Amino acid sequence: MASPGIEAEQEPLLGDRTPGSREWDIIETEEHYKSRWISIRILYLTMFLSSVGFSIVIMSIWPYLQKIDQTADASFLGWVIASFSLGQMVASPIFGLWSNYRPRKEPLTVSIFISVAANCLYAYVHVPASHNKYYMLVARGLVGFGAGNVAVIRSYIAGATSLQERTSSMANTSACQALGFILGPVFQTCFALIGEKGVTWDTIKLQINMYTAPVLLGAFLGVLNIILILILLREHRVDDSGRQCKNVNFEEASTDEVQVPQGNIDQVAVVATNVLFFVVLFIFALFETIVTPLTMDMYAWTREQAVLYDGVILAALGVEAVIIFMGIKLLSKKIGERAILLGGLIVVWVGFFILLPWGNQFPKIQWEDLHNNSIPNTTFGEIIITLWKSPREDHNEGPTGCPIEQAWCFYTPMIHLAQFLTSAVLIGIGYPSCNVMSYTLYSKILGPKPQGVYMGWLTASGSAARILGPVFISQLYTSWGPRWAFSLVCGIVVLTILLLVAVYKRLVAFSVRHGRIQE
């Protein structure tokens, strides 16, 4: 039997086990128990490294792109940023389908190898005599393609945990992903001490500097990850009660295994959950995008101040998200996943409602007709540039405030700092709650059948949201201002809440729907 000292991630979340219940009859040897959780924790690490692969260079892409190719502009930067999500969107269903019919080691190893190769390519994009920016575009796209293994990771964890363990395991997975996004820029900051010149290994034409050291570290960690997967990862699948199931991924059969329960998946619930997940990521992506231009316009912050203050705010939101992920494991036992998802959406709506401009005080107007990088004039790339503009490039920061080119600056009241910070805290509570509950409910709706393809589509919908969110908010904010932009976001959230209410009773676990387990 499993060890009685069950950790928080394995605590029952849908009720206590009692003699005579189906859960009480689960038989799991100590060896199987340890192997199953070692494999799951290896995939926690893989999720962490996948998110680090995205964020570890996000602060240095723009100066590196300018250094290797002078023809690169803000528009092209937008494509470089978006290429990661595009690659992940394409790869997720492919790796998901692969994992349904073959051992999960195969797609995981191949995907991580692609990421390692892409990181090595990124370290060499300075070598070609021309078209360097396109090599960087391909490198980031391939890193995103490799990150499509998120679908395999989540489908494995969903299949290797019982209903009692599912919510907690999904929360841990999301926490690892959030930690990766938080620590990636921290690693980048440490490597900034190397400087632009760094050292050069002439024999293999390798430059190790502040731009390439992070990706080389990512490649090294990827190799270690592959080794851990090949040595320690084992195929495990259990049904919703926690009993071992036969599956094509299994490497060896066991007499204790049971057949996968039969029954149809509720496709309405599947589609609805994909839509909910898309909206959740769409809203947070646009919030992350608008933070810098909004604060520069409303509070007349300089570029240097915006990078510092907004960086601190986003880092604090990341820490807040990790805390929320941990707290959800306890709260889900009390009120259930659907209630948390609904509550999270309501909190997000309140957060954006608070952001609506009120009062008679207006932002400082930037009268001088000088270039200011605080607004996304035409492209998503121009928003991102503000994150890399170094104050050393221009000791005169130039005019600050709301640019005169934005007509709404003259008649739209300012958003007070207290409003903004309160909104950020609320969105930081609602987003992680909705994120992990979407994944958890989705995996429970799918049941014990292979979830690779379905998880692939869910990951792809999230990638599409991260692409479309910044484009949506940048155009709307520039043309119509925060009042219209955040009003429309509030409207989208209301429609999402209505959708959740409409399908609320259908968002139940596969085994509960088919009467095998009591909710």
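The backbone N, Cα and C atoms fix where each Cβ goes, glycine too.
Nobody curates TrEMBL annotations by hand; they come from automatic prediction.
Noted in TrEMBL for the protein shown:
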DOMAIN    39-508  domain 'Major facilitator superfamily (MFS) profile'
REGION    1-20  region 'Disordered'
TRANSMEM  42-64  transmembrane segment
TRANSMEM  76-96  transmembrane segment
TRANSMEM  108-125  transmembrane segment
TRANSMEM  137-157  transmembrane segment
TRANSMEM  178-195  transmembrane segment
TRANSMEM  215-233  transmembrane segment
TRANSMEM  268-287  transmembrane segment
TRANSMEM  307-328  transmembrane segment
TRANSMEM  340-359  transmembrane segment
TRANSMEM  420-442  transmembrane segment
TRANSMEM  454-478  transmembrane segment
TRANSMEM  484-504  transmembrane segment
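Per-residue pLDDT, averaged across the domain 'Major facilitator superfamily (MFS) profile' (39-508), gives 81. Residues 268-269, 272, 275-276, 279, 282-283, 286, 290, 338, 341-342, 345-346, 348-349, 352-353, 355-356, 473, 476-477 of the same chain sit 6 or more residues outside the transmembrane segment (484-504) yet have a Cβ under 8 Å from a Cβ within it. The transmembrane segment (307-328) and the transmembrane segment (454-478) are not in contact, since fewer than 3 Cβ pairs between them lie under 8 Å (pairs 6 or more apart in sequence). Proximity of the transmembrane segment (268-287) to the transmembrane segment (215-233) is not established, fewer than 3 Cβ-Cβ distances being under 8 Å for residue pairs spaced 6 or more apart. The stretch from 137-157, 178-195, 454-478 that makes the most Cβ contacts under 8 Å with the transmembrane segment (108-125) is 137-157. Between the transmembrane segment (42-64) and the listed ranges 76-96, 137-157, 178-195, 340-359, 454-478, the one holding the most Cβ pairs under 8 Å is 178-195. Sequence-distant contacts of the transmembrane segment (340-359), counting only residues of its own chain at least 6 positions beyond either end whose CB sits under 8 Å from a CB of the stretch, comprise 276, 280, 283, 328, 331-332, 412-416, 419-420, 422-427, 429-434, 437-438, 441, 481-483, 486-487, 489-490, 493-494, 496-497, 500-501, 504.
Within the same chain, residues 38-39, 42-43, 45-46, 49, 52-53, 56-57, 104-105, 108-109, 112-113, 115-116, 119-120, 122-123, 187, 191, 208 sit at least 6 positions outside the transmembrane segment (215-233) and bring their C-beta atoms closer than 8 Å to a C-beta of that stretch.
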